[in-house]
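Sequence annotations record features per position, and here Swiss-Prot assigns active site, proton donor to Glu209. According to Swiss-Prot, the active site, nucleophile annotation covers Glu423. According to Swiss-Prot, the feature beta-D-glucoside binding site maps to Gln63, His163, Tyr353, Glu423, Trp464, Phe480. Annotation source Swiss-Prot lists disulfide bond at Cys228-Cys237. As annotated by Swiss-Prot, N-linked glycosylation site applies to Asn236, Asn241, Asn424, Asn429. Look at Swiss-Prot and you will find 1-41 tagged as signal peptide.
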Amino acid sequence: MCGCASGEDAMETRRPLHPLLLFFSPWLLLLLLLVVQGVRSLQFTRDDFPDGFTFGAGTAAFQYEGAAAEDGRTPSIWDTYAHSWRNPGGETGDVACDGYHKYKEDVMLMNETGLEAYRFTISWSRLIPSGRGAVNPKGLQFYNSMINELVKAGIQIHAVLYHIDLPQSLQDEYGGWVSPKVVDDFAAYADVCFREFGDRVAHWTTSIEPNVMAQSGYDDGYLPPNRCSYPFGRSNCTLGNSTVEPYLFIHHTLLAHASAVRLYREKHQAAQKGVVGMNIYSMWFYPLTESTEDIAATERVKDFMYGWILHPLVFGDYPETMKKAAGSRLPLFSDYESELVTNAFDFIGLNHYTSNYVSDNSNAVKAPLQDVTDDISSLFWASKNSTPTREFLPGTSLDPRGLELALEYLQEKYGNLLFYIQENGSGSNATLDDVGRIDCLTQYIAATLRSIRNGANVKGYCVWSFMDQYEMFGDYKAHFGIVAVDFGSEELTRQPRRSARWYSDFLKNNAVIKVDDGSVSTAFHAQL
């Protein structure tokens with residue numbers, strides 16, 4: 001999660017040049033103008049983004065909807081986790097923002113803010129309580145009604161099919177994502193969503209951050225479904241195998257995703273004219289030193305962070321780095337599966353917050369028993385002076401240059417992919433006068449524009465999140481919303497923060513944003 005240094009609003013009008021410049025020769029004046037505009041600052045408005053680019057904000061079903069046991073919804077693996085002793089904060093998503101009952105007023109608030117797009121997730125266990133089979137009419141009614149409200153408001157809809165909320169019934173029946181049985185069940189669930197909502201939803205994302213959930217849910221067991229094995233798990237897992245299950249989870253996620261994409265293309269795309277993509281978590285990584293070992297470790301980390309998902313989707317197989325590291329523990333694609341996953345996407349969604357430094361830890365591969373962390377054989381540093389860890393650090397440092405470098409890397413490595421920035425924001429400021437969040441969003445929106453001007457094919461940007469909601473890390477104490485929610489009030493009162501008014505001014509009034517080009521990235525590297 002990114003934290004941002006405080007400062008004044010980045011909105012301001014264009015200032016006139018100093019009169020003394022008029023005394024310089026035309027050539028020198030031109031040079032000075034280039035320095036001012038190209039190096040020291042960047043000024044832009046909403047209109048500087050390409051046609052078809054959309055700005056929005058997001059929420060997620062478990063974190064927003066509440067009504068956990070209402071109108072036929074059954075528990076998901078996230079419900080089970082939230083109600084267990086493994087949940088360090090003890091809070092649950094039983095009520096959350098009560099979006100299940102308050103979505104109409106929330107859509108009105110989105111419209112007032114000027115959102116052009118809204119990214120939300122669908123609860124599988126609300127729509128199909130048993131995980132397969134009969135559709136819950138109440139769940140269907142809820143999503144149809146919310147989608148209709150968004151359509152009436154003229155807000156582009158970006159729907160996500162899965163976000164850490166597998167129906168618990170499927171987890172109990174066959175182990176969920178570690179079983180190949182989940183592939184057909186997910187495709188059938190996706191088909192219901194495409195059929196019922198696809199006449200109004202044109203942007204579909206199958207899964208959020210599987211590259212992170214593999215390690216957190218199936219290696220160290222920290223997140224749902226809390227599977228791990230000794231000696232790797234952080235928690236006292238009773239089920240799991242940290243050496244192989246992260247790889248099985250990703251393998252079946254890719255096959256489920258690709259099956260849903262093929263189904264959409266064969267049954268729905270011609271009539272609905274929508275697109276389907278997958279989301280990945282996308283930190284950027286710098287080598288800790290210029291040593292050959294640290295540089296190689298950084299490239300290895302990128303293969304695990306990005307290539308684990310993108311290499312199969314683009315080339316039909318896992319990166320050679322992963323094959324060498326994991327050996328027989330990494331599943332093989334059959335010829336049919338390789339053909340199925342290759343090019344099985346129309347876009348890639350990126351969740352981007354911060355950057356890490358990386359150093360080599362090749363001694364990890366000498367362990368008699370290895371997990372994914374050992375296979376990566378690297379250490380992660382939030383700063384050059386921090387204590388390193390074996391797993392990447394979400395961090396609190398702002399590094400918009402990292403987003404630019406990530407997009408540049410992905411374009412060079414995997415071709416001219418179409419991207420949506422589906423999450424970016426800050427959870428560090430609970431006040432209504434959240435100037436720090438404005439600074440954060442300003443810098444990352446500017447980085448997005450710079451990337452586009454440098455050739456990246458980015459079509460949208462979503463703030464995380466539209467309103468405060470239940471968070472996996474921090475429960476209700478993390479405040480990512482540009483709209484504040486008073487979780488202590490019975491009405492769960494919403495109140496736009498200063499960042500919401502700033503975002504609205506940018507989107508509705510084409511307000512000018514001025515950014516000191518690179519200044520925040522410079523500060524990031526200075527503190528490291």
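Just so you know, glycine gets a Cβ as well, placed from its N, Cα and C.
The structure displayed is predicted, hence computed values, not measured ones.
Annotated features taken from Swiss-Prot, shown on the structure.
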residue: Gln63; record: beta-D-glucoside binding site; Cβ within 10 Å: 25
residue: Glu209; record: active site, proton donor; Cβ within 10 Å: 21
residue: Cys228; record: disulfide bond; Cβ within 10 Å: 26
residue: Asn236; record: N-linked glycosylation site; Cβ within 10 Å: 11
residue: Cys237; record: disulfide bond; Cβ within 10 Å: 21
residue: Asn241; record: N-linked glycosylation site; Cβ within 10 Å: 18
residue: Tyr353; record: beta-D-glucoside binding site; Cβ within 10 Å: 26
residue: Glu423; record: active site, nucleophile; Cβ within 10 Å: 26
residue: Asn429; record: N-linked glycosylation site; Cβ within 10 Å: 22
residue: Phe480; record: beta-D-glucoside binding site; Cβ within 10 Å: 26
Legend entry - Which recorded positions sit within 10 Å of Glu209 (active site, proton donor) - Cα, from Gln63, His163, Asn429: His163
Inset, instruction - Using only the residues recorded as binding beta-D-glucoside (Gln63, His163, Tyr353, Glu423, Trp464, Phe480), report the maximum Cα-Cα distance in Å, whole number please. - result: 19
Inset, instruction - Between His163 (beta-D-glucoside binding site) and Asn241 (N-linked glycosylation site), find the distance joining the two CA atoms and give it rounded to the nearest Å. - result: 22
Legend entry - Cα proximity to Cys228 (disulfide bond), best match among recorded positions Asn236, Tyr353, Glu423, Asn429, Phe480: Asn236
Legend entry - In three-state DSSP terms, the structure that Trp464 (beta-D-glucoside binding site) belongs to: strand
Inset, instruction - List only the single closest residue to Tyr353 (beta-D-glucoside binding site), chosen from the recorded positions Asn236, Asn241, Glu423, Asn424, Asn429 by CA-CA distance. - result: Asn424
Legend entry - In the chain carrying Trp464 (beta-D-glucoside binding site), residues 6 or more apart in sequence that have Cβ under 8 angstroms from it: Ala57, Gly58, Asn351, Glu423, Asn424, Gly425, Phe480
Legend entry - Reduced DSSP assignment, Gln63 (beta-D-glucoside binding site): helix
Inset, instruction - Fill in the CA-CA distance, Gln63 (beta-D-glucoside binding site) to Cys237 (disulfide bond), as an integer in Å. - result: 24
Legend entry - Local Cβ density at Asn424 (N-linked glycosylation site) - other Cβ atoms counted within 10 Å: 25
Inset, instruction - Could you say whether, by DSSP, Glu423 (active site, nucleophile) belongs to a helix, a strand or a coil region? - result: strand
Legend entry - Protein Cβ atoms within 10 Å of His163 (beta-D-glucoside binding site), excluding its own: 23
Inset, instruction - Round to a whole number and give the Cα-to-Cα distance in Å for the pair Asn429 (N-linked glycosylation site) and Cys237 (disulfide bond). - result: 34
